[in-house]
Ligand SMILES: Nc1ncnc2c1ncn2[C@@H]1O[C@H](COP(=O)(O)OP(=O)(O)OP(=O)(O)O)[C@@H](O)[C@H]1O
Ligand SMILES: Nc1ncnc2c1ncn2[C@@H]1O[C@H](COP(=O)(O)OP(=O)(O)OP(=O)(O)O)[C@@H](O)[C@H]1O
Ligand SMILES: Cc1ncc(C[n+]2csc(CCO)c2C)c(N)n1
Ligand SMILES: [Mg+2]
Ligand SMILES: [Mg+2]
């Protein structure tokens with residue numbers, strides 16, 4: 001069964017100087033357990049599409065269903081973990097309590113909360129910083145805390161908007177591995193926005209290439225890589241071929257400006 | 001002559017829960033015309049060091065000189081163009097007028113201003129957006145505008161804090177090329193923070209690898225690449241060797257946590 | 001020859017209480033005397049003596065207790081004439097409270113004006129042997145605002161009224177004299193002198209000013225006489241001078257008639273016996289008297305002497 | 001319509017509650033009067049009686065409306081009985097005081113964000129200045145000015161400036177400090193002078209705060225003028241109207257003057273709001 | 001001629017303050033305003049003597065101090081009556097009501113659009129007009145003063161609170177929506193904390209309003225105690241030193257009141273950039 005099914009989705013923003021066609025005729029279906037990356041130039045509608053999936057925007061036309069429900073129903077059933085492009089931590093809560101916040105909202109027990117917070121803090125390598133306030137951390141650390149927060153409550157669908165943009169490659173590699181491991185173990189469905197071609201290729205079962213003005217999907221590339229992916233798969237021939245394919249698709253999209 | 005010379009620079013932040021040693025015993029000399037990249041895990045003091053060079057922070061001990069002057073004197077002579085990690089555009093000015101702002105402050109003539117703004121807008125591929133307000137642009141476009149602003153007044157020293165972090169690879173490649181070209185034509189000295197190993201290797205004459213807690217320099221790698229660098233130099237053997245060297249140095253720095 | 005300038009500060013807002021001044025102005029009595037008089041209306045927040053001390057006026061209309069208090073505070077202020085012979089202050093009670101004589105005040109709530117007007121009241125309560133601290137053996141005192149609402153709303157059993165103003169308002173509000181019991185300060189033997197004319201002592205050294213004051217007092221008394229004889233016209237003149245536009249004809253007419261009863265019998269000359277009674281009343285004013293010793297030189301007769309020579 | 005309908009419905013609710021309250025609060029007096037006259041008062045007559053009293057505890061809305069209408073349209077606007085005339089007297093002093101107060105507040109705020117000495121010396125005293133009961137010192141201000149030969153509009157304007165400078169000061173200090181660290185750092189990296197930083201960064205960032213405070217300040221200025229009008233010899237102006245209404249127990253006149261004052265304030269606030277929208281729009285800050 | 005001694009009073013403390021301002025110590029934070037105030041008092045004292053200002057217009061600070069010291073029990077009684085009973089209770093009631101109403105109308109844009117413009121209108125009703133009416137309704141004692149204070153503080157706090165509840169940025173709202181939070185949860189976890197800086201802005205502004213309201217209302221009727229009562233009575237006796245002693249009490253109480261609220265604000269909104277400087 002398709003977890004996410006988009007049929008002819010359009011989305012237009014009305015601005016003072018005319019409408020902006022942020023999504024045009026988007027068709028996509030994501031299966032349970034897929035890891036889908038979205039890649040494309042800035043302004044091509046990646047964020048907008050992710051937000052539409054999470055019921056934070058409403059399509060102007062077309063149908064979008066999540067687990068057979070409307071996105072809004074899915075949101076109310078807490079189907080999503082969402083990592084935003086900016087960390088968005090609450091300045092009045094420590095890192096630990098920021099991570100615990102969605103858990104509080106979803107009614108997890110106190111003991112459960114503590115144990116989950118500890119686990120995800122460890123996962124993003126911030127165990128020593130649980131007691132600090134967000135403004136005491138560097139930008140990259142804040143972003144990691146925000147990832148931890150989205151992971152803490154084990155939603156079935158993870159929507160991640162450039163989660164690793166502000167991180168250095170080493171940490172990024174580690175988090176990539178950790179994320180893959182998590183995905184394999186839990187069978188979550190993940191939609192992931194990135195600007196890095198190697199990252200997209202390394203992580204995904206499906207790579208969606210988008211193009212701007214109007215925002216639309218120009219290619220959907222199914223990965224031929226196995227689900228088990230050691231880091232050095234990045235030196236394999238398949239990997240390099242896929243990377244080239246993605247780069248070409250991207251360049252095509254850029255062609256028209 | 002060294003443009004920037006750091007000798008035994010230390011910097012400690014006093015926070016509520018004890019001091020943070022953000023820079024420890026940093027020694028570095030940057031020659032005129034160097035392109036120096038700083039790379040290292042998040043929180044290792046890259047931003048802090050850049051800020052210290054720009055006289056936005058004052059070292060707790062040690063000596064830092066810029067063109068033989070103190071950083072503060074250099075700042076008063078408007079020696080720096082600074083691109084911050086976040087765009088920081090003024091919401092009440094259009095993109096063009098944002099870029100013109102430092103020019104106004106430095107007393108450029110109106111005609112000169114217009115011509116410079118047009119030139120840099122073109123450089124960052126935003127010519128069509130000069131009349132828009134910042135909040136009408138996507139994150140990546142805003143970051144490009146902020147780069148254009150720093151380039152507009154032709155400072156001798158460019159300090160850039162992850163300027164391309166929010167851009168997709170295609171645009172990033174183009175801007176990398178443009179930056180290199182600018183650097184070669186003008187002989188500027190550039191200090192550049194990045195998280196991307198290929199980017200650091202592609203751009204730099206010197207790669208500074210840093211490591212956190214306390215923030216310090218662990219390796220300085222001089223590049224053996226020629227000054228002329230077509231994009232496909234990234235497939236050369238030298239490039240791959242250098243990349244491995246940087247990755248290893250980074251990994252060492254990570255070893256202790 | 002140029003007219004002599006003179007500024008007078010009234011104690012209260014423009015109303016028929018001061019009809020003498022407005023009539024003298026309007027009928028040209030001041031002009032005939034070669035005077036150029038400016039009349040400044042007052043209000044609850046204006047202490048005429050303060051205006052006098054600040055140089056904002058040459059002569060002020062003030063009640064004697066406040067003037068004597070200021071004199072004891074070191075301000076050399078003297079009475080030069082006394083247009084009001086009698087006191088118009090009284091305590092007005094609702095009959096249904098069962099009050100028939102001052103002996104019934106015990107345990108009742110009384111509204112009193114402060115700002116210097118409380119002293120005759122305190123001295124009265126003193127002579128009655130009533131405490132004013134709110135205990136069951138005395139009376140509860142309220143600082144009354146500017147109107148008669150406390151009586152109408154039954155928040156007080158009695159309130160202070162002037163014969164010429166607030167009493168009329170109580171009647172206008174729909175109560176009849178039969179519903180009310182009144183106690184005039186005059187009849188209780190605790191009256192103090194009201195509207196008199198006061199200047200600073202140094203003014204009396206200035207020959208031109210003295211000349212002007214002499215003419216002013218003469219013309220003013222003429223104004224009061226005229227007003228007493230023609231209350232209707234006086235009320236109209238007052239209405240014309242009221243810049244707030246809030247006064248009503250009926251109310252001002254009644255006020256002019258009542259004021260005539262208070263100025264009756266005064267030529268403008270201060271009666272030493274009235275003065276003495278005022279001082280005695282003030283000196284017996286309970287625990288916190290407004291003056292502590294009999295003042296000296298608090299009035300002069302040189303102006304009225306020359307005016308009514 | 002989207003904006004008018006809610007206001008109208010809330011207004012309607014208020015008027016209904018008001019009528020009910022008027023009946024309840026005015027009933028005791030009506031009963032008293034009836035008892036004095038020895039009549040008995042059935043409910044309809046009682047309600048009717050509460051609507052037409054001369055000195056009601058709470059005048060009915062239509063009485064106030066009539067008072068307002070008489071005051072505004074009942075005579076020539078130059079007449080002393082015209083609320084328009086009194087409103088004009090009050091308005092002119094208010095505008096003068098507001099201008100003085102706003103300029104002083106902006107100037108002081110500018111000094112305070114630029115100088116630590118100014119901040120530490122002035123701020124606590126600026127706060128203390130606002131706790132002084134203005135009605136208590138207003139007469140002294142009037143007397144002091146009068147002794148210096150200054151009367152009329154200026155003393156009232158000073159009192160209204162005294163009340164209006166504080167909100168501007170507080171809002172402007174906050175506004176001038178809104179630029180975040182990065183924006184200030186950018187200015188520093190360009191070696192901008194203090195004046196350049198002020199005009200190009202601090203002031204534009206402060207404008208939304210400034211306008212918010214100006215709205216508060218203009219209302220405060222009006223209150224200041226009215227307070228200043230009480231001891232200024234209770235001659236003219238809405239304050240004098242209020243007070244004389246109070247002396248003579250003309251409840252309806254008090255309420256009419258009260259509403260006229262509030263209406264004037266509403267107009268002034270709306271005017272500033274219009275200027276705000278225009279300015280922010282031209283600056284591209286209105287979204 | 002008069003200006004020379006004035007300059008001699010003014011210059012040394014000014015220089016001292018500039019020097020003190022260089023040091024960031026907390027002692028300087030206290031010392032500087034004190035020195036500044038002391039300088040003003042010195043100028044005042046000097047001017048009263050040098051220009052021969054009559055005591056019935058403006059008493060010298062020394063006379064005010066003497067009156068203050070001599071009347072402490074009286075001043076304390078007035079303070080309790082006016083500040084503690086009138087102003088404080090009114091402020092607490094007004095603030096509580098305002099916050100409650102802000103939360104109630106928060107869900108209804110209709111009520112907000114209807115109430116806020118009318119709120120602005122009511123907030124502009126001059127206190128000198130309302131006070132006599134409320135005294136007529138609520139009696140002479142502190143209850144009517146508290147009522148005046150409630151009317152004065154209600155709308156500034158309401159407006160700030162409504163603004164504060166709206167102030168959360170789009171990102172934070174999206175986040176909490178993505179977690180499927182209920183209205184109540186979003187309110188408690190996100191919007192109330194976020195509104196705190198705004199709320200305190202309103203609370204701080206209204207501290208001084210509350211004092212003025214309570215004192216001024218006493219001018220329109222009161223029992224025979226209270227600061228407004230004393231001031232108007234003392235003016236009648238030309239006891240200006242006592243008037244200013246009461247004003248001093250008002251200023252001290254007001255500054256302390258403001259200071260306490262500001263202190264609580266720093267505790268509650270420690271995370272806000274303006275508190276972190
Ligand atoms: N609220 C909005 N109002 C108007 N236009 C908007 C709005 N949000 C986004 N847009 C426009 O929609 C288009 C798509 O924006 P979106 O944020 O989805 O891009 P993106 O692919 O995420 O870009 P980036 O990689 O820079 O984050 C852009 O042209 C943007 O300017
Ligand atoms: N103003 C400050 N107060 C206290 N600590 C600070 C401050 N600024 C930075 N730090 C600390 O100093 C260290 C270095 O921070 P810096 O911002 O230089 O890191 P960075 O290398 O730029 O990281 P990133 O890649 O995440 O941007 C971090 O541990 C950070 O928490
Ligand atoms: C605050 C204050 N309230 C009442 C009076 C008494 N009073 C003196 S003259 C006058 C006008 C006649 O109605 C009145 C009411 C006052 N002096 N000050
Ligand atoms: Mg995006
Ligand atoms: Mg950084």
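Cβ atoms here come from the backbone N, Cα and C positions, even for glycine.
Here TrEMBL flags E:80-265 as domain 'ABC transmembrane type-1'.
Residues or ranges marked as transmembrane segment in TrEMBL: E:27-48 (among others).
According to TrEMBL, the feature transmembrane segment maps to E:55-76 (among others). Sequence-distant contacts of the transmembrane segment (E:55-76) (same chain, at least 6 residues past either end, Cβ-Cβ under 8 Å): 41, 44-45, 48-49, 230, 238-242, 244-246, 248-249.
The transmembrane segment annotation in TrEMBL covers E:88-106 (among others). Below 8 angstroms of C-beta separation, residues 112, 115, 142, 145-155, 157-158, 161-162, 165, 187, 199, 202-203, 206-207, 210, 213-214 of the same chain, each at least six residues beyond the ends of the transmembrane segment (E:88-106), sit close to that stretch.
Residues 147-148, 151-152, 154-156, 158-159, 212-213, 216-217, 219-223 of the same chain lie 6+ residues outside the transmembrane segment (E:118-140) yet bring a C-beta within less than 8 angstroms of a C-beta in it. Among the features that TrEMBL reports, transmembrane segment is placed at E:118-140 (among others).
Residues 85-87, 89-91, 93-95, 97-99, 101-103, 105-106, 112, 116, 119-120, 122-123, 125, 127, 130-131, 134, 137-138, 191-192, 194-199, 201-203, 205-206, 209-210, 212-214, 216-217 of the same chain, all 6+ positions outside the transmembrane segment (E:146-165), place their C-beta atoms under 8 angstroms from a C-beta of that stretch. What TrEMBL lists as transmembrane segment is E:146-165 (among others).
Cβ atoms under 8 Å from those of the transmembrane segment (E:198-221) belong to residues 82-83, 86-88, 90-91, 94-95, 98-99, 127-128, 131-132, 134-135, 140, 144-146, 148-149, 151-153, 156-161, 163-164, 167, 227-229, 231-232, 250, 253-254, 257-258, 261-262, 264-265, 268-269 of the same chain, restricted to positions at least 6 beyond its ends. Summarising the annotation, TrEMBL assigns transmembrane segment to E:198-221 (among others).
For the transmembrane segment (E:241-264), the list of distant contacts is 55, 59, 63-64, 66-68, 71, 75, 78-79, 83, 200, 203-204, 207-208, 210-211, 215, 227, 230-231, 234-235: same-chain residues at least six beyond its ends, Cβ to Cβ under 8 Å. Residues or ranges marked as transmembrane segment by TrEMBL: E:241-264 (among others).
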